[in-house]
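J.: First the structure, which I've put down as structure tokens, then a few questions once you've had a look.
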Amino acid sequence: ATNVTHCTHIIQILTVRTWLDEAGELNRNMVVFYGSQTGTAEEFCGRLAKDAQRYGMSGMSADLEENDMSELPRLVEIDNSLAVFCMATYGEGDPTDNAQDFYDWMQETDEELNRVNFAVFGLGNKTYEHFNAMGKYTDKRLEELGGRRIYDLGMGDDDGNLEEDFVSWKEQFWPAVCEHFGVEATGDDTSIRQYELVFPTDINMNKVYTGEMGRLKSFETQKPPFDAKNPYLATVAVNRQLNQAGDRHLMHLELDISGSQIRYDSGDHVAVYPMNDVSIVNRIGQILDADLDTVISLNNLDEESNKKHPFPCPTTYRTALTHYLDITNPPRTNVLFELAQYATDPKDQDILRKMASASPEGKGLYQSWVLDAQRNILAVLEDMPSLHPAIDHLCELLPRLQARYYSIASSGKVYSNMVSICAVVVEFQTSTGRSFKGVATNWLKNKVVVTDNGHKATVPMYVRKSQFRLPFKASNPVVMIGLGTGIAPFMGFLQERGWMKEQGKDVGETILYFGCRHRNQDFMYQQELEEFEKVGVLTQLNVAFSRDQEEKVYVQHLLKKNNEHLWKLIHTDNAHIYICGDARNMARDVQNAFYDIAEEVGGLTHTQAVVYIKKLMTKGRYAQDVWS
């Protein structure tokens, strides 16, 4: 380090306390920013920042929300500097929550980027109409502002194999970086640890994290406002099964939010933080011969990093594996690569390294052995008996367990102290004969309202606002199309339209198209919906039972049957259309049905029909809350 000089005038660049060494010069030349909703973009960023060491660069991962991005042009003050952006697209082509301010800045700024070197990797899903919209926009806008693209935009597709897309892009990205900056790969492919294992001395158990997301003891002393870093511990007031027949478990839960000051609107989402299956946690501890109740801290070896720990520390291995780490999803290739060194059988080492490579053979093996077989980290350990990683290294490598989002199935105007969830319990057999259980749905299923010892079951949660909103004018007709648990937001809409009617408001036509497999197995909320129809809140209830007859009947078939009435509602009466459920097939098929209606009844050409529906989307009259 050089002598301490001109420290103060640079101090604001990109929350620079983490970038600035004591000499007042920035000590990172590659910053990887992430716009992440479910943690994947953040994880990819961490991997790129870590890789930088192998290419003579010094990298750090940074949250867009926590950095003043208007200082981006000053990145050129650092020699050989590079900004990389891992940008996930959320919802209908929207930025993730933590990238909203950066997106607004890009739209509004006319600052010159002074040839700041940049590269972008987008995370998207082809089943959505606005595939990788944020990645594309960031890449285009940074160039327009005078940035210098050093490698092509990468586009990951979560409907295919996001991991493979990222690895393939990364394989080409690094050679481009080397060529641009005249640096060389060190050739060192050994594992680089980011965190060191520390056993705290004089342990005060009051200072040990037990599952909190942010503030220590936040579950004992709850303080609003409640959000992702400070969830509210809601008690489970109702947990009932919605179906009486069939082999699936459909459930309705009500979470009591009295006194939390949480407000929500129909159409918003509730995020819940689940816990992993205790039996999987115990089995991992058993295989690795670890005392899971050891209190540990994983401390970042890079003291200047703003990420001090991979998860809240100090804590125990048991808490980390139960509350903080994803042990159920198939491990990504970087985890397999880093674990390979612990396999005592050279064949196992080769297989793990091959699966982490970008070779066609390696990608194929990863696809079949890990992804298609749905092997989680426990299954990998069980099926490779020679693999015995250090448990602290495994905890460093595994991604964070993420909150799960559900469309709220109630109206905040009618039930201000209650948030409802409806969900299908995920459970199936994998090709290896194991039972795969969805983390959150199985955890929620087992939330009995009052436990044997009289304690009330609780769920850490917060509410996330959405754009899925009833029309401002109650007199506007509403056409709702939902499949399976896609009925959820419409239960809230119907409660609210009923409440408006009771207030004496002029409420427009309210029509529901609902699709499920069998009338007697998964007609969710049948009694409630029939009651809404009986009292006139629901003008029309149309249900497609796809498997109750020879020929399958879907919601789009029912839409076409009522094409003239629907066209009148849309074209003349200013109706709002809402679609909720499966993005892969249903949302696309429904959109095509509306194109057909516009052509057949409205007399438009196909091109005009597509433009017409796009305009409805732009005006907020065609809204989708879909997932794949």
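Using the three backbone atoms N, Cα and C, a Cβ is placed for every residue, glycine included.
Annotations for this protein, taken from TrEMBL, read as follows:
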type	residues	note
DOMAIN	30-174	domain 'Flavodoxin-like'
BINDING	36-41, 88-91, 123-132, Asp158	FMN binding site
DOMAIN	229-471	domain 'FAD-binding FR-type'
BINDING	Arg248, Thr485, Ser546, Arg547, Lys552, Val553, Tyr554, Val555, Gln556, Asp589	NADP(+) binding site
BINDING	Arg404, Tyr405, Tyr406, Ser407, Cys422, Ala423, Val424, Gly438, Val439, Ala440, Thr441, Trp627	FAD binding site
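For each listed feature, how buried is it and what is near it?
T.: Residues belonging to the domain 'Flavodoxin-like' (30-174) score a mean pLDDT of 93 in the model.
Taking the Cβ of Ser36 (FMN binding site) as centre and 10 Å as the limit, one finds 25 other Cβ atoms among all the protein chains shown.
For Arg248 (NADP(+) binding site), the same-chain residues that are 6 or more apart in sequence and have a Cβ closer than 8 Å to its Cβ are Val424, Val425, Gln521, Asp522.
Here the Cβ of Thr441 (FAD binding site) has 20 other Cβ atoms within 10 Å, regardless of which shown protein chain they belong to.
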J.: Between C-alpha atoms, which of these binding-site residues comes nearest to Val439 (FAD binding site): Gly91, Phe131, Ser546, Lys552?
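T.: It is Gly91, whose Cα lies nearest.
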J.: Could you measure between Tyr406 (FAD binding site) and Ser546 (NADP(+) binding site) for me? Cα positions, answer in whole angstrom.
T.: 24
J.: With DSSP as the reference, give the number of residues of the domain 'Flavodoxin-like' (30-174) in helix, strand and coil.
T.: 65 helix, 36 strand, 44 coil
J.: Counting only residues 6+ away in sequence within the same chain, which have a CB under 8 Å from the CB of Ala88 (FMN binding site)?
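T.: The list for Ala88 (FMN binding site) reads Tyr34, Gly35, Ser36, Gln37, Thr38, Thr40, Ala41, Thr96, Ala99, Gly122, Leu123, Gly124, Met134, given in order along the sequence.
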J.: How long is the line from the C-alpha of Cys422 (FAD binding site) to the C-alpha of Gln556 (NADP(+) binding site), rounded to the nearest angstrom?
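T.: Cys422 (FAD binding site) to Gln556 (NADP(+) binding site), Cα-Cα distance: 23 Å.
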J.: Whole-number Å only: compute the distance from the Cα of Asn125 (FMN binding site) to the Cα of Arg404 (FAD binding site).
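T.: Distance between the two Cα atoms comes out at 18 Å.
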J.: Around Asn125 (FMN binding site), how many other CB atoms lie within 10 A of its CB?
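T.: Its Cβ shell of radius 10 Å holds 20 other Cβ atoms.
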